[in-house]
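Student: For 52-72, 84-108, 128-146, 166-189, 209-229, 274-296, 308-329, the entry in TrEMBL reads transmembrane segment. The annotation domain 'G-protein coupled receptors family 1 profile' is assigned in TrEMBL to 63-327. Summarising the annotation, TrEMBL assigns region 'Disordered' to 362-388. Annotated compositional bias 'Polar residues' per TrEMBL: 372-381, in sequence order.
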Amino acid sequence: MAASHFMESHLQNETVGMTTTLSPDGESTAANVDGLGWSVSRIENSSLARTIYGLIALIGMSGNALVCFVLLRVPSLRTRTSQFIIHLAVTDFITSFWVIPFHLFPFTPPIPRGFAGELMCRFYVSKYLMWVSIFASVYSLVSITLERYFAIVHPIKYKTTFSLKYSIVIMIGCWLVGAISNSFFFYVYDYEDGTCLFLPYPTLYLQKVIGVYIFSLIYFIPITLNLVCHARMVQTLKKQAKLLEGNRFQGNEGNRKKQKEAWQLKIVQDVQRMLLVVVITFMICWAPNQFIFLAFNLGANVDFTSWYYHFSVILAVCNSCVNPFIYVFRNRDFRHGVAKAIGCDRAIRRFANRVRAVDPGVESGTAAEGTDNPTTGTMGSTRVAFDN
């Protein structure tokens, strides 16, 4: 979807060799195709498409707002990791918000004249602000992975470097990446006499360069970093589990040690599952749209009026909805935090106690209380038991 952030408003014209201009009343001055109007508008304005985009915006905004509310309200969930999760939720909330004006109601408002019109053209009509937030969201995912990587693979360095100040620098860096990476918007959009124009690439070579550049920044590099970091985390945790397996104690005193060993093995499995969830979900959500625009920028003929193009856009936008579920809602401690934040934690605890009374084996794989290991902290509790 990366390349589409500067293509969607004029992608029809690229396919027919025209330039769309937007007049002060918000109407396109480009000619219609076969007198029928743009097919893209017909699809995007359909009731089904609007319903889907509306659900994406609603779920994304409410879900990410809930994440921020719970993590800020419940003291036990405030950790270094939760700082990055809150930042991820904020970026996804903003991204979900931009779905409303750009997809749920995809009509260009009247463009004022003068300096205000130029700002609106370069920042709003171009969708620059939306794509800055999307880039920030993508690299927020990377920052969470890096935070967990240092906590597990380099725990000593993690304790000394991942301070609040360092975390804020990383978060600001995510937004700077988005702002700088999309700065070419100011060169491909222009404002003249109350009209917003998209300036076609002067050469096919430049289009190819920018296409590969965007594909690398928003897809290839994040996936590579996630894969490498998670692979190292899995490798490190497996080594720790093997060491614990080889140092078992016998007798009654070894029972607690065996529980810790089982807990470590569970962490290995959870990290492997999280690796699959993170990588596969990110790849599924972004791959169709990214490869469509990579192919287009490399010179392939792409039908931007087709259903599969719009499906790729919807799938990419959905990434802002699923992120809170992937990184937060699989954590039992967060769910307990939700219950505490809304004031029904006692009822849930009573229900859990009844379940344990029926099945004493429930949650037997949780960690022993009182441990303080940076490799285990994800939401603030000493337990790191992810539900299967």
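Including glycine, each Cβ sits where the backbone N, Cα and C put it.
TrEMBL: automatically predicted annotations, no manual curation.
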Student: Apart from its near flanks, which chain residues at least 6 from the ends of the transmembrane segment (308-329) lie with a Cβ under 8 angstroms of it?
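Tutor: Contacts with the transmembrane segment (308-329): 1, 4, 8, 40, 43-44, 49, 52-53, 56, 59-60, 63-64, 66-67, 85, 88-89, 92, 95-96, 99, 103, 134, 137, 141, 144, 274, 277-278, 281-282, 284-286, 288-290, 292, 302, 335, 379.
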Student: For the transmembrane segment (128-146), could you work out the same-chain residues 6 or more beyond its ends whose Cβ comes under 8 Å from its Cβ atoms?
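Tutor: Hits for the transmembrane segment (128-146): 1-2, 5-6, 81, 84-85, 87-88, 91-92, 94-95, 98, 102, 122, 170-171, 173-175, 177-179, 181-182, 185-186, 217-218, 222, 225-226, 229-230, 278, 282, 319-320, 323, 327.
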